[in-house]
Amino acid sequence: MAGILAWFWNERFWLPHNVTWADLQSTEEAAFPQAEDLYLAFPLAFCIFMIRLLFERFIAKPCALGLKVQANGPQKAQPNAILEKVFTAITKHPDEKRLEGLSKQLDWDVRSIQRWFRQRRNQEKPSTLRKFCESMWRFTFYLYIFTYGVRFLKKTPWLWNTRQCWSGYPYQPLMPDLHYYYIVELSFYWSLMFSQFIDVKRKDFGIMFTHHIVTVTLITFSYVTNLTRVGTLILCLHDAADIVLEAAKMANYCKCQKLSDLLFLTFAVVFIVSRLGIYPLWILNTTLFELYEALGNFPALWVFNVLLIVLQILHCFWSYLIIKAAYKAISKGKVAKDARSDVESSSDEEETVPRSKAPHSAIATNGTSGANGTNGYLTGATCSEEH
C-alpha cells in the first residue's frame with residue numbers, strides 16, 4: 001500500500017520542477033494545506049446533511065405551507081392488479097402493441113390505459129412541497145457560502161490580479177478563512193454526491209453526477225498541491241448563478257409566475273456571463289497560460305486543465321438548454337417547461353387514439369401536471385449543483 005501511495009503521489013507528476021512535498025509541510029512559522037485535512041470533509045458532509053434535514057423540516061416546510069405551496073403529491077392511479085403487475089414487472093412505458101392487448105383484456109380504451117400509466121409514474125414523483133424544501137435549502141446554502149466567498153476574496157490580491165494566484169508558489173501559507181471555505185465547499189459537494197440518489201430526480205442526473213465528481217476531484221487535488229488561490233475564484237464564480245436558480249424554482253413552486261420568469265431570465269444572464277464569459281477569460285486564461293508562465297510545465301497541470309475544460313463543456317451544454325428555454329419564454333411570453341422536469345406533462349402521451357371502449361370505472365383526465373405547466377428550471381448544480 002505504501003508503494004502504491006508513493007507511486008500515486010509522485011512529486012514529478014503533481015508538483016512543478018524543483019518543488020517537493022517537503023516544501024509543503026507545515027512549520028511553526030506557517031501552515032500549508034495537508035492531505036489529512038481533507039478527512040474532516042466526511043464527518044462534516046454528514047453534519048451538513050443532518051442540518052439540511054432539520055432545516056427542511058423545521059424552517060423550509062413551515063415557510064412553504066405559509067406560502068400555500070401544494071403539499072399533496074400527484075394524483076394516484078386507480079388500483080388495478082393487471083396494470084400494476086405490468087408496471088412493476090414488465091415496463092413503465094408500454095408500447096402500442098402492449099397497450100392494444102391490455103385494452104382488449106380490460107375492456108378499456110387505449111387512452112385511458114395510457115393515462116393510468118402516466119398517473120402511476122407520476123405517483124412516484126415528489127410533491128411540490130418536497131421540491132420547494134430542497135430548493136430553499138440549496139438557496140440558503142449557496143447564498144451563505146457565496147457571501148462568505150465574496151467577503152473573503154475582496155480582501156485578497158488574486159481577486160483583482162490572477163497572476164497573484166501563482167506568486168510565491170509553493171510558499172503560500174494557508175489562511176484560516178481559506179481553509180474553512182475549502183473544507184465547507186468540499187463537504188457540501190460530498191453531501192450532494194450521496195444525497196443526489198434520494199433527491200428529486202432530474203433528467204440530467206448523469207451529467208450532474210459527473211459534475212460533482214469533477215468538482216470534488218478538483219477541490220481535493222488543488223488543495224493538496226496548494227493551488228487553492230485559483231480554487232477559491234472557481235468556487236465563488238460557480239455559486240453566483242445557483243442562488244438565482246434556486247430562487248426561481250421557489251417562486252415557481254409558489255406559483256408566482258411573473259417573479260419566476262423574471263428570476264429565470266436573470267439566472268440565464270448570470271449563468272451565461274459567468275460560465276461562458278468570465279470563466280474562460282478569467283479562470284481558464286490563468287490556468288492555461290499564466291500558470292504555465294509562472295511555474296513551467298508539469299503533468300498535473302494538464303490534469304487540472306482537462307478537468308476545468310470538462311466543466312466548460314458542461315457549461316456549454318447547460319447554456320444551450322437555458323438559451324433554448326429563454327427563447328421560448330420570450331417568444332411565448334412565459335417560461336417553458338424545464339427540460340429537466342421531474343413531472344410529466346398531462347399531454348405527454350395523449351396520442352390521437354379514438355375512444356373505442358370505456359373503462360369499468362372513471363379515471364381522472366388531467367394527469368398530474370402542474371397548474372402552470374412549469375415544474376422547475378435548467379441547471380445544475382451545482383455547478384451545481386448545482387459547479
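In case you wondered, yes, glycine gets a Cβ from its N, Cα and C as well.
TrEMBL tags one of the stretches 5-24, 205-224 as transmembrane segment, and that stretch is 205-224. Where the transmembrane segment (179-198) meets the stretches 38-55, 262-282, 302-323, the count of C-beta pairs under 8 angstroms peaks at 38-55. Regional average pLDDT for the domain 'Homeobox' (83-127) in the model is 90.
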